[in-house]
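Note sheet for the following structure.
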Amino acid sequence: MQFSLLDKIRQANPLIHCITNYVVANYTANGLLALGASPLMSANVQEMSDIQHFSKGLLLNIGTLNHSDLDAMICAGRAANALNVPVVLDPVGVGATPYRKQAVASLLQTVKMSIIRGNAGEIATLAEMDWQVKGVDAGQGQADFAAMTQAVAQKYHCIVAMSGEIDRISDGKRVVNIHNGTPLFTRITGAGCLLGAVFAAFLSVADQDQAFQATIEACTSYNIAGELATQGILPQQSGQFAVQLLDCLATLRPTDISTRARVSDE
Amino acid sequence: MQFSLLDKIRQANPLIHCITNYVVANYTANGLLALGASPLMSANVQEMSDIQHFSKGLLLNIGTLNHSDLDAMICAGRAANALNVPVVLDPVGVGATPYRKQAVASLLQTVKMSIIRGNAGEIATLAEMDWQVKGVDAGQGQADFAAMTQAVAQKYHCIVAMSGEIDRISDGKRVVNIHNGTPLFTRITGAGCLLGAVFAAFLSVADQDQAFQATIEACTSYNIAGELATQGILPQQSGQFAVQLLDCLATLRPTDISTRARVSDE
Amino acid sequence: MQFSLLDKIRQANPLIHCITNYVVANYTANGLLALGASPLMSANVQEMSDIQHFSKGLLLNIGTLNHSDLDAMICAGRAANALNVPVVLDPVGVGATPYRKQAVASLLQTVKMSIIRGNAGEIATLAEMDWQVKGVDAGQGQADFAAMTQAVAQKYHCIVAMSGEIDRISDGKRVVNIHNGTPLFTRITGAGCLLGAVFAAFLSVADQDQAFQATIEACTSYNIAGELATQGILPQQSGQFAVQLLDCLATLRPTDISTRARVSDE
């Protein structure tokens, strides 16, 4: 497996438009900058369409969604679709409230997503499986994660990336498992949200028919940056981890990825 | 004095719903995660009631309040009251503008608070005492802090926690002084705001008749995490302190609290 | 050249009202605190006028502007003008969308600015020069930066500070070049946004006829804090740099500034 997209991001410095929640906006922007991309945060419906003309990727994250944000997402998403700008959806806590469920349904009806990224609870909700949801956390349930990921990919004709102890990525046909990562990702806010933005950055420099490969590469790279960010700290040092994750995204080398990658077929 | 609630938080991982200002949302979320709780940030009135059905504690922080946030707080607060979810109010800068004063008055009329947390200026405003307010800072004035804290507790039939060089906590009958802490808390934004969220987390795992005790334990624990976070840094290193406070919330042990606690009756 | 304003800020602890974007609000607040000022973030039109009565400086930053923020900025800006509170405008990404262009035009028509701060692309847009804008980044173009900075200063009768490899500051008559700084400023989000807030803090303690001098001193001090913040880290460690920049703003001494300053006339 080749890992060439990280260098492409650093060369192209793609602008990624993020309509994301205010909790993680700063960390997402710093993460994209560390990776080599260029973040633009705006949820103002009056400029959503204009921004897609120079945006190379669009992230829709519903973490602190309100009515006005939803309008902006639909407007931006439609414009992105028309201009072939890849769109990543992060349906944060979609199972937590009826409002979020309806909002995500309306997004999925109006915008063609390239990737849906979520934790087990969120993907289970989209798969309409039984799941004990707890707020925006993954929650608990018994399920065949790989089958669930694949089912949602088939349902929405896109790539689905399910975060967990093992990350699953499916394009509806295949399912790939990514074994890299660290539990510290779950100890800081926005690690998953940033991954959504990272997906958009990797898609932005990939050929359209290489989107599945780009998603695997993005997730593997990000998880390995997380592994490297745990070096020299205790497993509880979430504050320092958040800082070092940015450092490691910036210093990550393709050889780090190729030598550490643990990717397997389902 | 026993300090058993920290372990309970880490076991129960309670979901704390925060309607808080956008300045500190990220830091508050990371602080709750470090402590062992699970943050959910949302100020969308359309899901405020639903969230209280799985929330274990609610924080209302008016730092960057607008009309829509206020509606959300009233809606969430009422639902929380109906479901016995404890509510913490942080009336940030309440004395600074008529708008904030009216907003807090309307919150206090419609929602039963478990704890009101504020600095001297904010508590003085609620006590309707003369005070030289300066924005969202504590400001300056001459007052018997203990008496002021107790008066507000009696007025609103709740616990009041006044942050300062010495923290005062009163349930209207007793007043307790907490001598732990560090001046670095005042050198970063959101240290007080995070304490409000920490109060909600401690209340969420305490028996209802142990709320006063839980508030003391929360404040003592948080202040000791702050003391530990100053280790190895200069008194001006506010950037590093903010990082280490998260680390120390995550690594804090009950024995750290019991050996370092400096709590006295007024 | 004397550098006396930093000490004045630390003595006066001026309250700086920031109407700024949600991406950088936390970092801006922590940066102002580190410097010795006192941040107040609010964009609620119902308290904009009241706040100017105790605010010592006002920052208007359009990074994530919406209609309601714009109303708040105009209201706050007019009140600030009436009360002689200095106003700093940061027209983030003004060339990126028609919405931003119109919003900035309406701000410049209704509010008298003391300083406009921007990158080359933003200042070029205000100068109505040809420029290849890329989102909120500086973009690329051929221009005489000094002439451009001076032209905008003349057009809007204020000081203009253009950030870049060399920072240019003009009051319309003179142009000064500041050679201090570090490329790491461009690797974190909000370094420029924080500089806007720092400008407001320096203006707040300067005599009105010393505004140009204060702007130069502010920019030089900030850039030197940035230089000091790179000590002991790799050029890619943007996470650690963001932390150390706060530390260095807090520990910066007047002698650091006077010994390191590299300021030249155009």
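Note: Cβ is positioned from N, Cα and C throughout, glycine not excepted.
So that you can see what the record holds, here are the features copied from TrEMBL:
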BINDING   B:M41, B:G190  substrate binding site
BINDING   B:R117, B:S163  ATP binding site
Binding-site residues satisfying Cβ distance under 8 Å to any chain C Cβ, from B:M41, B:R117, B:S163, B:G190:
B:G190
When C-beta separations to chain A are restricted to under 8 angstroms, which of the binding-site residues B:M41, B:S163, B:G190 qualify?
B:M41
Between the Cα atoms of B:S163 (ATP binding site) and B:G190 (substrate binding site), find the distance and write it as a whole number of Å.
13
Close in space, distant in sequence - B:M41 (substrate binding site), Cβ under 8 Å, 6 or more apart:
B:H17, B:C18, B:I19, B:T20, B:A25, B:T28, B:A29
Can you tell which of B:R117, B:S163, B:G190 has the most other C-beta atoms within 10 Å, given these are the binding-site residues?
B:R117
I need the CA-to-CA distance for B:R117 (ATP binding site) versus B:G190 (substrate binding site), whole Å please.
13
